[in-house]
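**Student:** This is the feature table in TrEMBL:
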TRANSMEM  20-41  transmembrane segment
TRANSMEM  53-76  transmembrane segment
TRANSMEM  97-118  transmembrane segment
TRANSMEM  148-172  transmembrane segment
TRANSMEM  184-208  transmembrane segment
TRANSMEM  236-254  transmembrane segment
Amino acid sequence: MLEKIQKVLTVRSDTIKELLAEALGMYVLMIFGLSSVAQVVLGRGNFGQFPSINVAFGIGVTFGIHAAGGISGAHLNAAITITHCILGNLPWRKLPAYLIGQFLGSFTAAATVFALYYDALCDYTQGNFTVTGPNATASIFSTYPAPYVSLLGGFFSEFIATVMLMLGILIIHDEKNNEALKGTHALLTGMLVMAIGMGMGMNTGYAINPSRDLPPRVFTAIAGWGMEVFTAGHNWWWVPLTAPVLGSLAGVFLHKLLIDFHNKTVVESGNEKSQPAVETS
């Protein structure tokens, strides 16, 4: 019986497999991340502080990569997926599947955290879900700039944070330089995200990922916060979509300009050293 069910449910399309993998990886990442924010906000600081959010998102990234890495490469970030397409590492025809998977995982995670903390949300807000003000709760799900941050300053914060994200990922996976030890890539990427949050999270909440920010924002618009989630912070919503893409591309450019273009592979270096030993016509 189990074999028959498995046969019916088994997906044979590689593209759909990648979509499902991105969805699960994103779901895992966002469940850990969003639930930690909910505990900090709704618990009024009694169940964690900002560092606990950073740690939770780092752990979420680590487990999300382990969940999807062997199938889709675990992009878990629309900016990274778009960058891979621009660089030719991923066919453009697969872009919709990756983005849909990431959107579904992130949206579903937001809905799950909403259900998980619905009673606490109602108690905290007295049933009035607001985007701004002393009892604002929309920031549990998506990022918003701090009151003192200008639109340009917030854009720059997201841009630089994503530059560091992409640089860190490239450094961790650089086979021609000093690649991380086998099996540690997911953990180090999680630590990278945690470090970004600890050092660059104050201004904007470090979205650094359109797939992390837009789907929960859409969910909150539907679930009771209304269209203010798109107009708050001087129409902030578009910044976490565009700045990470530009930051990701800039990170790749910096790595190639300063490291990759000048570095030879281990094989090339080895061949160069042993070249005098063999001469052929």
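Backbone N, Cα and C define each Cβ position, glycine as well.
Heads up, TrEMBL stuff is auto-annotated, nobody curated it.
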**Student:** Look over the recorded stretches 53-76, 97-118, 148-172, 184-208, 236-254 and say which has the most C-beta pairs under 8 A to the transmembrane segment (20-41).
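**Tutor:** Answer, by Cβ pair count: 53-76.
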**Student:** Sequence-remote contacts (6 or more beyond its ends) of the transmembrane segment (53-76), Cβ cut-off under 8 Å?
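**Tutor:** Residues 17-22, 24-33, 35-37, 40, 84, 98, 101-102, 185-187, 189-194, 197-198, 201, 209, 211.
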**Student:** Go through the chain and flag residues at least 6 beyond the ends of the transmembrane segment (148-172) whose CB is under 8 A from any CB in it; none is fine as an answer.
**Tutor:** 79-80, 83, 178-180, 185, 188-189, 192-193, 196, 200-201, 203-204, 206-209, 233-234, 236, 239-240, 242-244, 246-248, 250-252, 254-255, 260
**Student:** Which residues, given as numbers and ranges, are at least 6 beyond the ends of the transmembrane segment (236-254) yet have a Cβ under 8 Å from it?
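**Tutor:** Tertiary neighbours of the transmembrane segment (236-254) are 77-80, 82-83, 86-87, 142-145, 151, 154-156, 158-167, 170, 204, 207-210, 212-214, 217, 229-230.
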**Student:** So if I exclude everything within five residues of the ends of the transmembrane segment (97-118), which remaining residues of that chain have a CB under 8 angstroms from its CBs? That is, six or more out.
**Tutor:** 15-16, 18-31, 34-35, 38, 42, 72, 75-78, 81, 90, 140-141, 211-212, 214-216, 218-220, 223
